[in-house]
Amino acid sequence: MKNTGPIAFFDSGIGGLPYLQWVRKKLPNFSYRYLADRANFPYGEKSIEELGGLIIGSMERYIERVDPSIVVVACNTASVTALQKLRDTFSVPFVGVVPAIKPAAALSCTHTIGLLATKRTVEDPYTDNLVRLFADGFQVERFAGVDIVDFVENHLLDAEPHEIREVLAPAVAFFSEKEVDTLVLGCTHFLHVRDEIAEAFGGRVKIVDSIEGVGRHVIQMVSEYHGGGGGGEFFVSGIEGAVDTYRRFADAYALGWGGVV
Ligand code: DGL
């Protein structure tokens, strides 16, 4: 890594914020940037081809703006579809976030795992490959949590507990019927409702995400570098009317308002 720039996080929306928070708690003196690529939200409904172009374009503007030491692609959909393209296009190092199939396979006693992710991630060949590599012989049940992604991005801040339970209900019913004993949260948005998901299964299902694995990897990569003196800024791409929501998220995660890029 070449400079002392900030650690930058990237997602289609607010999904990557818990990842930033995890790393920041361990490395409070580094400085942080976050981009919610709202202009292209939701990623999960788009094709691989379309996403590739959109993500490269947004990343180019983001990197120019914040000059990071490293970029954490805190989005499973962006990572499974475009991580290789990003590495081929930019010289900055990238850390990706992909569904934690491997740790889930290690935890599952019944060899029946659930994957809750976006439509793109659920269908993507990258995911098939993860399953082949790390959960060969396991039953892997996949559910695209399209409505949950939308809910978390647009309604979470003012949501009542019963509204959260309602939006989770179809996924909970699906995985309960399939009798999974371990569930992978394969979309970063779902970390915002991790406790509610665990509760909806009455504690019977082990919930697995990639936050710690990714966080440790980031720390390893930046450990020899100066982090830029602390602080953080939140940027959002191309929104109309919803600035207030994103300002509230920035405040909730103690990030300054970088503005609309
Ligand atoms: N947060 C993203 C992920 O981890 C996806 C949300 C979207 O569909 O834009 O996959």
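Cβ coordinates come from backbone N, Cα and C, glycine included.
Note that TrEMBL annotation is computational and uncurated.
Mapped onto three states, the DSSP output places Thr77 (substrate binding site) in helix. Just so you know, the Cβ of Thr77 (substrate binding site) picks up 33 other Cβ atoms within 10 Å once every protein chain is counted. Look at TrEMBL and you will find Asp11, Ser12, Tyr43, Gly44, Asn76, Thr77, Thr188, His189 tagged as substrate binding site.
Using a 10 Å Cβ-Cβ cutoff, Cys75 (active site, proton donor/acceptor) registers 31 neighbours. If you look up TrEMBL, you'll see Cys75 (among others) marked as active site, proton donor/acceptor.
The annotation active site, proton donor/acceptor is assigned in TrEMBL to Cys187 (among others). Cys187 (active site, proton donor/acceptor) falls outside any helix or strand according to DSSP and counts as coil.
Cβ proximity to the substrate site centre (mean Cβ of Asp11, Ser12, Tyr43, Gly44, Asn76, Thr77, Thr188, His189, cutoff 8 Å) flags the following additional same-chain residues: Gly13, Gly15, Pro42, Cys75, Ala78, Thr118, Thr121, Val149, Cys187. Note: the Cα of Ser12 (substrate binding site) and the Cα of Cys75 (active site, proton donor/acceptor) are spaced 7 Å from each other.
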